[in-house]
Amino acid sequence: MVSTATNIAQKKFDNCIMNASGVWCSDENELTELDRSEASSFVTKSGTLQPRKGNPQPRYFPTSLGSINSMGLPNQGLDYYLEVVNRLQQRKPHKNYFVSCTGFNVQEDISLLKKVAVSGFTGVVELNLSCPNVPGKPQTGYDFETVDNILKTVFKSYKGPLGVKLPPYFDIVHFNQMAQILNKYPLAYVNSVNSIGNGLYIDDTQEQVVIKPKNGFGGIGGDYIKPTALANVHAFYQRLNPDIQIIGTGGIKNGRDIFEHILCGASMVQVGTALMKEGPDIFARLTRELKAIMRDKGYEKIADFKGKLQYIE
Ligand SMILES: O=C1NC(=O)NC(C(=O)O)N1
């Protein structure tokens, strides 16, 4: 009997598949649908200190190979997500949940994590350092000094399990530099990758962009980004100390994609674009497909192949 169970932050999850922050997780209804699905957990939309409307629409566009989005962090505010998740947690004390949050500077990050601590939340916090879609705001994850400063400041006060959502990196030296910073802190995990920022998708019949914000520039997800996602998962798996686990996000739409992310070192995978297209039923299909692959290959649990990607000697 194969098992797709996993552990993150010393917490048990009966399945290694869940949603990516931002997708199907913006309000209580969507979170409840995820909670009832085959996903082992959920992560909320990144909560900010105050609720946000986000960018003008159209701000999301699905394509045959993935998606482009410039949502601009529309969310109900962190307090809302903490209230909903703490209530769901009471109903299901055995389940473990993730709450995502993001501040626009280190002081805001500290305030957000204070809110988490005061709320009595006992799950895992994901600090989003990689939203590419707030006009005028750079992706924190590309400012190495700021990431170092945020983590140094955060870990002085926040004592609960915390992971960070990173943007994709494209340079080996950047993998080295970021890993050196991350290894200094007691992170539960690193989640790679967020969308590839500031791509451009064009409707050639209309000779026009497809989303309104930022003249059509937006985060790219789906098939386009799987090779980049796998590279970031494996690069950090190779470089981070083993207590820091990897969550793999990017380009997952079938069991094979999940198998590849785990082979690269992921302990959990998150699904974005494909979940947006297929809805929460996708988790039953993905779980079936992953189990079939494991059965064919004679693997009983994900530890049997996690990180075991082979190189060509
Ligand atoms: O972190 C994020 N990544 C994205 O691709 N989009 C959202 C957003 O725009 O809110 N945030």
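Each residue, glycine too, has its Cβ placed from N, Cα and C.
Note that the structure is a prediction, hence the values are computed from the model and not measured.
Per TrEMBL, domain 'Dihydroorotate dehydrogenase catalytic' is recorded for 5-294.
Residues or ranges marked as FMN binding site in TrEMBL: SER21, LYS45, SER46, ASN128, LYS165, VAL193, GLY222, GLY250, GLY251, GLY272, THR273. DSSP assigns LYS165 (FMN binding site) to a strand in the three-state reduction.
Following the DSSP three-state reduction, the secondary structure of ASN128 (substrate binding site) is strand. The substrate binding site annotation in TrEMBL covers LYS45, ASN69, SER70, MET71, GLY72, LEU73, ASN128, ASN194, SER195.
Residues or ranges marked as active site, nucleophile by TrEMBL: CYS131.
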For ligand 1, the binding-site residues of SER21, LYS45, GLY72, SER195, GLY251, THR273 whose CB is under 6 Å from one of its atoms are GLY72, SER195
Note: in the chain of SER195 (substrate binding site), residues six or more apart in sequence with C-beta under 8 angstroms of its C-beta are ASN69, PRO132, GLY218, GLY219, ILE220, GLY221, ILE225, GLY272
Whole-Å Cα distance, GLY72 (substrate binding site) to SER21 (FMN binding site), is 13
Between the C-alpha atoms of SER21 (FMN binding site) and LYS45 (substrate binding site), the distance in angstrom, to the nearest integer, is 5
